[in-house]
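To start, the structure under review is shown below, and the notes come after it.
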Amino acid sequence: MAGKKKRIKIILLTATFSIVVALFYVFDLQQYLTLQYLKSSKTLFISYYEQNPILVLGSYFLGYVVMTAFSLPGAVWMTLGGGAFFGLLTGTVAVSFASTIGATLAMLISRFILRDWAQGRFGKQMQTINSGIQKDGGFYLFTLRLLPIVPFFVINLGMGLTPLRTFTFYWVSQLGMLPGTLVYINAGSELAKIEAIGDILSPTLIGSFVLLGIFPLLV
C-alpha cells in the first residue's frame, strides 16, 4: 500500500513538472526574461509594486521559486529584476530565500523523481561531485556555489544524487549564493548602466569568488 502511494506521488509530481516546463515554452515566457524587457518595464513594474507591494513581491517570490525548482532558464534576469524593482535590501532578501528554496526543491526533485535521468545525463560529473562531497562535505558545495563557471541547475540536480542532507544543502547553498546574489541585485539597482552580463562579472570579481570558494578547502 505504501509503495503504491509513493508511486502515485511520483507520477503526480512528474506530471506537474512536465506541465510547468511545457507551459513555460508554449507561452514563450523567456521573452520576458531579457535585459531589454527589464529596462522597458521597470517604471511600470515599480508603479504596480507601490500600489500592491505584498501581491507583487509575493508573486515575484513564488515565480522565482517555481522557475528555480523546475530548472527553467532566466535566474540571472529575475535576480537583476529583483534589484531593479525592489532595491538592494528587499531584493537581496527576496532572491536569497526564493533561490535557495527553489534550489532545494530542484535537488529533491532530482533525488526522488529524476534520479535515473540525472544519473544518465550527468554521470561523469557525478563521479567528481560524489568524490568532493565524500572528502569535503558541505565545503565542496560551498565552493561550487561560488564558482560562476558551474551552472546553477547542474549543481541542484547533481546534489540530488548525493547523500548530502537536505538541511545542509539548504543553508550552505544560501550562504554560498549570497555574494553572487548581492552582486546581481546591486547591478540590477543600476540597471540603466548595464548593456551585457559582462558588465557585471569582471575577471577580478570572478577571481575573488574563486579564491573565496577554494579557501575552505585549503585550510
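For all residues, glycine too, the Cβ spot is worked out from N, Cα and C.
Noted in TrEMBL for the protein shown:
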- 12-33: transmembrane segment (TRANSMEM)
- 53-72: transmembrane segment (TRANSMEM)
- 73-189: domain 'VTT' (DOMAIN)
- 84-109: transmembrane segment (TRANSMEM)
- 139-157: transmembrane segment (TRANSMEM)
- 169-188: transmembrane segment (TRANSMEM)
- 200-218: transmembrane segment (TRANSMEM)
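Taking Cβ pairs closer than 8 Å, the transmembrane segment (12-33) reaches residues 66, 70, 72-74, 77-78, 109, 112-113 in its own chain, all 6 or more past its ends.
With a threshold of 8 Å between CB atoms, the same-chain residues lying at least 6 positions outside the transmembrane segment (53-72) that come near it are 17, 20-21, 24, 45, 78, 81-82, 85-86, 90, 94-95, 97-99, 101-103, 105-106, 109, 152-153, 156-157. Averaged across the domain 'VTT' (73-189), pLDDT for the predicted model comes to 85.
When DSSP labels each residue, the domain 'VTT' (73-189) comes out as 98 helix, 0 strand, 19 coil, counted as helix, strand and coil in that order.
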